[in-house]
Amino acid sequence: MARVYLKKAEKTAKTDSASVQHTVQTILDDIEQGGEAAAKSYALKFDKYDGPMVLDAAAIAAAADKVPQKLKADIAFAHENIRKFAEAQRGSMQDFEMEVRPGLIEGQRTIPVRAAGCYVPGGRYSHIASAMMTVTTAKVAGVQNISVCSPPQGDAGIAPAIIYAAHLCGADNILSMGGVQGVAAMTFGLFDLPKADIIVGPGNQFVAEAKRILFGRVGIDMIAGPTDSLILADGAADAEIVAVDLVSQAEHGYNSPVWLVTDDETLAKTVMDRVPELIANLPELNRENATAAWRDYAEVIICADREEMAATSDDYAPEHLTVQAADLDWWLERLQCYGSLFLGEETTVSYGDKASGTNHVLPTSGSARYTGGLSVHKYMKVVTWQRATRDGAKQVAEATARISRLEGMEGHARAADVRLHKYYPDESFDLSGTA
Ligand SMILES: NC(=O)C1=CN([C@@H]2O[C@H](COP(=O)(O)OP(=O)(O)OC[C@H]3O[C@@H](n4cnc5c(N)ncnc54)[C@H](O)[C@@H]3O)[C@@H](O)[C@H]2O)C=CC1
Ligand SMILES: O=C(O)[C@@H](O)CS(=O)(=O)O
Ligand SMILES: [Zn+2]
């Protein structure tokens, strides 16, 4: 059976992308030419902010005073889980040294970048968790200089809990600037920040586009744009929980797709009836976001069986993937394209988003086809080295000379020749590459 769409989206992540591209390129060009003054003028324009840019120790302490004790304990709990998971990731990356042939020694080293710029979104919600996810992984990787930028909320500046979390997790600099101007400031090294070697973190379509355009000049973790989520549910799933979980991720923004893929039409129809009721009960901002996301971006798809459900999911390559179906081990083994996988009703995307330990900065808009989410690995350069004894490199030198000559690269060949003639003056070699 072909997939049947009970609900098909009018829009996709690519809708409006051309105008976003033009807007972002213009802002980047202005800031590159106009420097700090231009960046500040965009902060004023988009975020109505005219205050201090980089927070000093007093501002950080003042922010900490405003965070309730219970929330501090929750941030500490979440930070510990994220840190432990990141440390295990770090431990899974090994330096090694091997003797490829006698006297020919080669190795791999993992070296953290020197400066990271972490984008912490803050336009619609105060993404405390994004500060924890980006800064903690950078710290565990061993990055020496970690900058954070986040949009100020008008005169009030960055939300105190974001400042508190970023500082607790190890941020060295906190910049009150969001959007394209924040990314540009960290990339170009404005406001005395070190020029970032890599920019990481999620954000809206303007932030994602800035990262796409700047890729190459600066390292980019991935393009993490508007959140998307897919739920795979069979007839045994609890329709109420499926509906609540879909709504939980539709509240991110007007353009956050949620998809339900199931082989049970009754479940699908129950969920479709329930979702609008749940959305109607949300607070105003959340309700507006989720209403538009459900109306314009959500899809409900009926498949013949679990194999077709899995294939459909892999085609969507969702950022978050939830399975509420029997035989979780089968799904874990079968599914191939997702940012983060949530197996069973007992866990949920919200846990991973906020506190369970896996990272929530994840590939969106189908990029889970080719990458995973933010991890310690993204901050690490995997580099190689070698050394050799004269005898160990003798055969390499001969092969290098002949291969180079066949390629027409005489300079390369001579770097090998000179060594063979120096170390083995009494020997003759056929290094012509034509023998
Ligand atoms: N993929 C992931 O791992 C995660 C993704 N997200 C996503 O991050 C996004 C956060 O978005 P926001 O709340 O908007 O916060 P944001 O911090 O990404 O964007 C706010 C900034 O957008 C800029 N902006 C707003 N309107 C603009 C315009 N017309 N032209 C140019 N710049 C403009 C402003 O400079 C403002 O500072 C959501 O889409 C959410 O789904 C959030 C957390 C994790
Ligand atoms: O991972 C994401 O995209 C988000 O769902 C994270 S958060 O809920 O906005 O913290
Ligand atoms: Zn979320």
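Yeah, the Cβs are placed from backbone N, Cα and C, and that goes for glycine too.
According to DSSP, Q181 (NAD(+) binding site) sits within a helical segment. The NAD(+) binding site annotation in TrEMBL covers Y119, Q181, N204.
Around H252 (substrate binding site), a 10 Å sphere centred on its CB holds 24 further CB atoms from the protein chains shown. For the recorded site, H252 (substrate binding site), the DSSP three-state label reads coil. Among the features that TrEMBL reports, substrate binding site is placed at T227, Q249, H252, H320, D353, E407, H412.
The DSSP secondary structure for H412 (substrate binding site) is helix. Taken from TrEMBL, the feature Zn(2+) binding site covers Q249, H252, D353, H412.
Summarising the annotation, TrEMBL assigns active site, proton acceptor to E319 (among others). Sequence-distant contacts of E319 (active site, proton acceptor), defined as residues of its own chain at least six apart whose C-beta falls under 8 angstroms from its C-beta, comprise A224, T227, D228, S229, Y338, G339, S340, L362, P363, T364, A368.
Annotation source TrEMBL lists active site, proton acceptor at H320 (among others). Neighbour count (other Cβ atoms within 10 Å of the Cβ, all protein chains): 28 for H320 (substrate binding site).
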- Same-chain residues six or more away whose CB lies under 8 A from the CB of E407 (substrate binding site)? none
- CB contacts for H412 (substrate binding site) [other CB atoms within 10 A, all chains]: 15
- Message: Please identify, from the binding-site residues Q181, N204, Q249, D353, the residue with the sparsest Cβ neighbourhood, meaning fewest other Cβ atoms within 10 angstroms.
- Response: N204
- Taking the binding-site residues one at a time (Y119, T227), which has its Cβ surrounded by the most other Cβ atoms within 10 Å? Y119
- CB < 6 Å to ligand 2, subset of binding-site residues N204, T227, D353, H412, seq order -> T227, D353
- Query: Should we count any of the recorded positions Y119, E319, D353 as near ligand 3, judged by a CB under 6 A from one of its atoms, and which?
  - Reply: D353
